[in-house]
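Below is one structure; the comments refer to it alone.
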């Protein structure tokens, strides 16, 4: 059985986009950097080197489109330039372009050796790969060996014309995802310098792991090797670092990589993996979760677990992800542990399809073919447009973005085709290759002598027994969990599996007081000076950190705020506009606060986004405590932001209010406006007038709680489930003192009712003693 999309890479790109880097599927034209509105760090994947063409070359071979492949290689050799005066991401250029050139070279060389085609080919792609490798090498010219995150293809890093070299931080995945491509380039070209630099970067990350937990953080300083962000997980910022340790062992046969991976993996399974969830924790205190949501990039991890041979947690996590896709059609960019949308964007990421492919290879369970079928059907139903496949701006609305990243064709097509294809249908023996993180094919022992060791074969490692995976899925029954509310005071609940028999479990919950995640209180930016007079009201989203604008009102030259604040003197005492992108909201807020700004209006950098079509969200922190951020902060989508900036350009002096929507001028009697002047350029960028806290009379402020539940197997001597709340100093400790009994015989209900429950409340003192509750 095979799956194919009506639009192939060649028709999509050559008809509408070539030689641009990407296809814009809604506009039916190519995206050329500098000719379209700047999208910040997203555009650093684009280097005017026909990105999507190169990224999908070896996909054409897998799809057995050999004529199209040969034609595409000729185009790449004749047309692509790698010396453009463009600043690009070292990480993205390595995995997409260098990896694409190497994978295509391996395929071209194989076809040439067979004598059937490509007889004209003289290793041109390898020569291009070597040139690109040398253009990336200046990024490694640091005292630590950790690479700069950006490089200018023509001028390197430190050249005065390079427009880069001021960066001090890089993500763990960015520094640790070079070894496969660089080592393969060294072995194929005979120049060891590439592999040496990639190994050195990995050595630094290994040495800087937290020795107590064996975890690494998300962002590290490339000069002093200190961790900048200490949250640790398996998703964005870290993901492919772990992947490349495992795959470097497979590719190179060096036990150092396997040993390091195993140490990290044990730590992941101890602290981060709470099957079926994968949480982020603090690397120095890994028993503390730093956020209650997961990002879609961690969907690759079940596939990596398959490579390691750890099938049970792979099946459990994959099944959890599948349930999320059932609820939202696609994996949202981020989703909560309750499967709610945290960030609604879906960029057509391939990681879930990748893990589906690996699990089918390992188990032979046709269930995973049905999962793959659902992926194809949803892509065709909700992402397909006349000129390609469009990213989804928000899975809750289905609104498209004019965006189709190269990885969609490089990875998603490849994994889905391989999932539904028999080995005999493929022009290559897929088991002789290892996939890079961009799904490019690097050869194994039978093609190049790159392996000194190899992983056990699938036949040895797995029994290929479909019932094995089904048994594990049935244990979780994720799709049929039912819940009973048992403690109305704390809105706690216990879940029962909808199946025969009663399972005794222990439930442990951590409670901390936070605002409810799902409640987003709409805010507004209201223009009140002539000629607007309060009639122009822009809907804005709030932040989970900074000053609480439900208590205060504030008034507001676009600013990126991710680097050095060069006009700090002008900003002092004023309110700044800041564009979204390049770095975290909290990082921008801290920089602007340090510069003396007294408030920030963030504006979305995704062109065309607006509050009518996209649900509001709350801006979140960066994994650290945000108590130090005291600024009032709101977020405008692109269209509302354009109204504000247009008003500034036309009138130069605009008075605005920042306040909760229900308290905008003209609504309600108790209004306490704060007037603020807003100018652009080097003039005044905002004046700030403080007002006392605002609390409506007879309104009780609600307090929400985040509750983390951990299921453990029945312990010896425990006759029923025990519910414990673990709290910090000064909060109430609730412990269920009487065992809950199931009324299975008397009620006959399914799931069984809880009979009696008696709980007591106590307070935790500073010395750890339990005090009676007041």
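Cβ coordinates are placed from backbone N, Cα and C, and glycine is handled just like the others.
A TrEMBL annotation is a machine prediction, not a hand-curated record.
On a predicted model such as this, the values are computed, not experimentally measured, just so you know.
Taken from TrEMBL, the feature active site, proton donor covers 92 (among others). Applying an 8 A CB threshold to same-chain residues 6+ apart, the list for residue 92 (active site, proton donor) reads 44, 45.
If you look up TrEMBL, you'll see 239 (among others) marked as active site.
Residues annotated as active site, proton donor in TrEMBL: 333 (among others).
Within the same chain, residues at least 6 positions away in sequence whose Cβ sits under 8 Å from that of residue 351 (active site) are 296, 297, 298, 299, 300, 303. What TrEMBL records for 351 (among others) is active site.
Positions annotated as Ca(2+) binding site by TrEMBL: 437. Cβ neighbours of residue 437 (Ca(2+) binding site) (same chain, under 8 Å, six or more residues apart in sequence): 95, 177, 180, 239, 240, 243, 244, 300.
What TrEMBL records for 755-766 is compositional bias 'Polar residues'.
Counting residue by residue with DSSP, the domain 'PA' (560-642) contains 19 helix, 18 strand, 46 coil. Per TrEMBL, domain 'PA' is recorded for 560-642.
The region 'Disordered' annotation in TrEMBL covers 737-774.
Annotation for residue 333 (active site, proton donor): spatial neighbours 295, 296, 342, 343, 344, 345, 346, 347, criterion Cβ-Cβ under 8 Å with sequence separation of six or more. Taken as a whole, the domain 'PA' (560-642) shows an average pLDDT of 77 in this prediction.
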